[in-house]
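Quick notes on the structure that follows.
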Amino acid sequence: MSVVTSGRYTFPSYNLVFFIFLQLGLHSVEGVWPLPQSITSSPERYPLNPQAFYFTYGSQSAAQEGCSVLDEAFKRYFSLIFPDYSSGYGFLRFSVDKPFTVQVSVGRDDCDSYPDEDSSEQYTLSVSAGQASLKAETVWGALRGLETFSQLVYQEDFGSYYVNKTEIKDFPRFQFRGILLDTSRHYLPVQAILKTLDAMAFSKFNVFHWHIVDDPSFPYQSRTFPDLSAKGAFHPMTHIYTQSDVGRVISFARMRGIRVLPEFDSPGHTQSWGKGQSDLLTPCYSGSSPSGTFGPVNPILPSTYKFMATLFKEVSSVFPDSYIHLGGDEVNFSCWKSNPDVRAFMLKMGFGADFTKLEAYYMENIVNITVALNRTSIVWQDVFDYHERIPKDTVLHIWKGLPASYAAELSAITKAGYRVLLAAPWYINHISYGQDWRNYYTVQPLNFSGTEEQKKLVIGGEVCMWGEYVDATNLTPRLWPRASAAAERLWSDEKQTSDVDKAFPRLQDFRCELLRRGIQAEPLFVGHCKHEYQGV
């Protein structure tokens, strides 16, 4: 007897044996989250004994023992699969002469590289008596398969572990599945970021968008411009990310197949920059005199571009990813308008009184800096809306509007031939009473007017957690499991996951799994978990 793709078993009323099987609590796996593209599961099950459970490399695998990404993953997933093992609880019922082996084979040895925009994450997983076979093109695909296997394992009421006979073929629907954290409005300790990366891996997110600096604070400690954090962070010693901290985050993310995408947003959102870098921001005027306040980055000075070129050269040496996010959103023109030198520059350049042209001039220069560093730029949609001339490989990031307006933006941007990321429906720093995860789950990223070629330009989406009201005290419960709803939308087949009510029990099950793994995921609704969060 088998069930295909649905995450929940359906069974005829006359099948008394199977009914008893369920009634005895011997488990029907609620399913993997996010749902694989194809999963066939059976009630046939196999006991697992941690004393006779092994991860091995297939003989034909391009990666073998010594592959840091997989060696570490084997240790990590052993602890996730058998969380009680250290206590010796419930394991002595099986003899050690019945081993279970998870054999992992990859087609490419990319153990020493970083995941990138072209990394394949597809895998196949076959679970049968005494073994599971996991095959993937890359180590990143193998990581996704290990996560899936870990979710297939369950513990019955007497403490014994089992896995059911299963066949899975899986790959992500979208290549870019991101989470944005804002570390400027509130400083997030490194440990909170690492915990988020762990939870991201459990939901198969693969990009950490680090909105590292903004108006309130500049916590990134630059080697080249140490005054930026010394004068611009909330505190120059305790509320900064040292080069070592940044390296730790990047390394931790790599081990989970997660890219780290830094954002240094300008010309707006830069008040904290001006504290440690004189002449960078535009002096605002009140009438004919400076008011003593400052606006966006000053776009008329050659020194601005020299500074930015040096800063981004450092950033591109610290962050290995091929993408850099340059921001470009919400530029307030009032300060530029008040400044006589800026107005004179506008006339000289033939911009008239159109300050969007001045912003375009600035952003085009900044994008050219990153092009020279062999990096691909991501910019917020404002840059496209202002008709700025940017390279065709630039990625546009949609953050504004309700479905009708972001659908129109998707249509316009892809028609112009640009790749696009959708974030607008997943601003989950906003909270409301009730099950708002359902709204995130029912988003249809490709529901806009355009050709199939246009729809291929939508490379993915992103969950944003802006930090005005978020710090380490509430980051995790506010993110999870609500972000996991978007994770399934970005990974799984849309037709198979269109029913929110069918998704609910699987997401409840997954939320309980997150609790057991130490992730303080908030409840979806009334209910309980077998292993409640212990507050440690």
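In case you wondered, yes, glycine gets a Cβ from its N, Cα and C as well.
Unlike curated entries, TrEMBL annotations are predicted automatically.
If you look up TrEMBL, you'll see 1-31 marked as signal peptide.
Residues or ranges marked as domain 'Beta-hexosaminidase eukaryotic type N-terminal' by TrEMBL: 32-152. For the domain 'Beta-hexosaminidase eukaryotic type N-terminal' (32-152), the mean pLDDT of the prediction comes to 91.
The disulfide bond annotation in TrEMBL covers Cys67-Cys111 (among others). Around Cys111 (disulfide bond), the C-beta neighbours below 8 angstroms that are at least 6 residues distant in the chain are Ala63, Gly66, Cys67, Ser68, Val69, Leu70, Val139.
According to TrEMBL, the feature domain 'Glycoside hydrolase family 20 catalytic' maps to 174-493.
Counting only residues at least six positions away in the same chain, the Cβ atoms of Pro290, Ser291, Thr293, Phe294, Gly295, Ser334, Cys335, Ser338, Asn339 sit under 8 Å from the Cβ of Cys284 (disulfide bond). Taken from TrEMBL, the feature disulfide bond applies to Cys284-Cys335 (among others).
Of all the Cβ atoms in the protein chains shown, 13 others lie within 10 Å of the Cβ of Glu330 (active site, proton donor). The feature active site, proton donor is assigned by TrEMBL to Glu330.
The disulfide bond annotation in TrEMBL covers Cys512-Cys529 (among others). Contacts of Cys512 (disulfide bond) defined by a Cβ separation under 8 A and a same-chain sequence distance of 6+ are given as Cys529, Lys530, His531, in order along the sequence.
Taking the disulfide-bonded residues Cys67, Cys335, Cys529 in turn, the residue surrounded by the fewest other Cβ atoms inside 10 Å of its Cβ turns out to be Cys529.
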